[in-house]
């Protein structure tokens, strides 16, 4: 879903409403969900049938899918969004939303991707860091988004902190 949101926002910024596909999210999200569900169903069925060799290949394929299909478009589109915000333009843009998307993707890469890398390396019996570290990072990733929304929504020109309700409203208004 984060991949779809990143791509949608990037396309909406780069293309005018004339050249942008109107139902991009309605097409991209179901495709990503269908791909994810089919891969997870295949992995689950192979692993539950105790097909160790096939299970291991399915798991490796899943992690490769994360690295090659989901992560690159998310990183590229978020980087483009961030550059667009930094360069700015004369038009009023919802900069808070772009910053939230960029930070969400950045924290995903820093905190959630290590778990996928660790799981991938586990398939080859290679361990760099203890499992507790990558699980802690994954937990941080799961809980960091509300803080991102609050901090981005509460900072105006002078970074004055405002109530949580106001901060969320500011972020999602744009």
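Any Cβ shown, glycine's included, is placed from N, Cα and C.
Sequence annotations record features per position, and here TrEMBL assigns domain 'G-protein coupled receptors family 1 profile' to 1-149.
Under 8 Å from some Cβ of the transmembrane segment (24-43) lie the Cβ atoms of residues 1, 3-5, 7-8, 11, 55, 58-59, 61-62, 65, 69-70, all in the same chain and six or more residues away from its ends. Under the heading transmembrane segment, TrEMBL lists 24-43 (among others).
The transmembrane segment feature in TrEMBL is assigned to 63-85 (among others).
Here TrEMBL flags 97-121 (among others) as transmembrane segment. Outside the transmembrane segment (97-121), and at least 6 residues removed from its termini, the chain residues within Cβ reach (under 8 Å) are 2, 5-6, 9, 13, 59-60, 63-64, 66-67, 71, 74-75, 78-79, 81-82, 84-85, 127-129, 131, 133-135, 137-138, 140-141, 144-145, 148-149, 152, 171, 174.
The transmembrane segment feature in TrEMBL is assigned to 133-152 (among others).
According to DSSP, the secondary structure content of the domain 'G-protein coupled receptors family 1 profile' (1-149) in residues is 121 helix, 0 strand, 28 coil.
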